[in-house]
Amino acid sequence: MVKHQPLQVYERQLCLSCITGIYGCRWKRYQRSHDDTTKWELLWSLILLLTFCLLLVWFYFWWEAHNDYSEFNWFLYNRSGEWSDGTVPILATTAAGFTYIAFLIVLALCHVALGQQLNLHWLHKIGVTAALLTTIIGVISVNQTWAQEWDVIPISLQATGPFLHIGALAAVTALSWIVAGQVTRAEKMSIVLLALYVVPLHITSPCIMDPATLKPRPAVIGHQGAPMLAPENTIWSFQRALQMNVTGLEADVAISMDGVPFLMRDFTLRRTTDVEKVFPDRQMDEASLFNWTDLQQLNAGRWFLKDDPFWTVNTLLQREKERIANQTVCSLEQLLELASYHNSTVVFRLRRPPPKHPCYDSWINDTLQAVQQSGVPQSLVMWTPDDNRAQVRQLAPDLIQTSVVKRSPQVLEQSGISSLLLRYNQVSREEIRFISAHINLTLYTVNEPWLYSVLWCSGVSSVSSEAPHVLLKVPYPIWLMRPNVYCLAWVSADLISFAVVIGIFIFQNLCKHCRYRMSGMRSYNPEQIMLNAAVRRSSGDINVMKEKLIFSEVRNGVGSAEELYGDSYDYYANQGISQ
């Protein structure tokens, strides 16, 4: 008996080959299968989907956390002692991982649409596992070091929620083309769509309001001056902020060994001065352990040109860079004199010196004395320390008593406090409206227009910003929509989506029914027809099989029967297969 190779003819499908090849390294036609995906591969598909969802949230978190990148870098500096922009590697790896996982999700959807078996290659499984573990580690790390930043997600959804809803609705509606006609998946799709249709009932945003009730534009206070354009807490930084017509200036204040209040955010001088060159043996000492004479010898501007903390140095003019390079440590009295000249409000956070410091007990009086010597009107100074507040009120009754601790307006009024300074995530929209109706409320640090718009619509009085040059260019909230207009918009989007989905299901079912009626009988697939020498059949049966095979190929336009199977036909006709 003569053995012959199976007769297989594969049609060329370049697109399908690329999809199955990239996803599962199945480049050859016979490696593909229309069988059901195994439970093991279904588990990996679920892991892939979970990784995509987690990365999507992670990517969205870092996209919206752009408002606080400088705060994150400052946290890293306090932990490591070395300044670096820690957001760059995080953003790079997040973008790369999200792109990779999203690409695999698209390939998986193509497999589902084409009816192919999901079979993720082992290299991709390693990649998915690495992306999942890396993201989980990142989430845990942020939760331990920067847990307060998670609040940016619900706050940002007040600005992006309506638009994300429309985007999700469009994406799920498009996916309905893939699952149409498949009963199990269609039921799941219906549940997802139904959930999306009612999501707007739970979307709340202060920007969904009557424009007539919009409160006046919140005042902008320069947080440490204009630190994106000049070194923080320097005279030039505050002058740049005043050039932009800010209504106030905010600074961090420490006390020197000889009782001079000066501006410094860090506990040491290493990050913002050249102390390692001037006083190399004292570079790790606390800033308050230097006297004012020593502090005046330090340069407080070259670090800005070197580290470029906000990636803005290349936008500065040469004369601005020269001025930055000559900045020195600024005293509180210098700041107050500048504010008095421009009639600008000043708010400062006073840091108490260590216990062995000569001014440990007199730090309040030393600071108050500097305020009085500067000649600034007391009504322009927002006093934040809680220590000896009653004594301060007696010596300087016109100071704006300000608290940095969240309390009820009633308690604040009983304590004689007329202003409140909080981080933007410490109060809700309802609390903003309630507090602002009783006392002045200032929220920090607000750098992004979307956040400024949300707080504006919420009714906040003023904000403290590291980017006053950006916020002062926002003449109106980024978006503002009447409630009835928003209701009409999401109802229209739901109706359009519903109509499209119904149309897709009807169209695909009609096409399926037409194909079934036109076929008349089961169509023969060349890949399913095989002449195997191990199976013994009569020459008549083989001729019938060959005729069906040739008829199927000619009908599909592959070529003439003689071109495709001429050699095989002659061979089998002459040889046959014995019983």
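The chain as shown is numbered from 1 upward.
Any Cβ shown, glycine's included, is placed from N, Cα and C.
Whatever TrEMBL says is automated annotation, not expert-curated.
Checked against TrEMBL, the range among 122-142, 185-205, 437-457 recorded as transmembrane segment is 122-142.
Among 42-63, 88-110, 162-180, 42-63 has the largest number of CB pairs under 8 A with the transmembrane segment (122-142). Away from its own ends, the transmembrane segment (42-63) comes close to residues 87, 90-91, 94-95, 97-98, 101-102, 104-105, 108, 118, 120, 125, 128-129, 131-132, 135-136, 138-139, 142, 149-150, 152-153, 156 of its chain (Cβ-Cβ under 8 Å, at least six residues beyond either end). Note on the transmembrane segment (162-180): residues 109, 112-113, 186, 188-189, 192-193, 196-197, 199-200, 203, 205, 208, 481, 486, 489-490, 493-494, 497, 500-501, 504-505, 508-509 of its chain, located 6 or more positions outside it, place their CB under 8 angstroms from a CB of the stretch.
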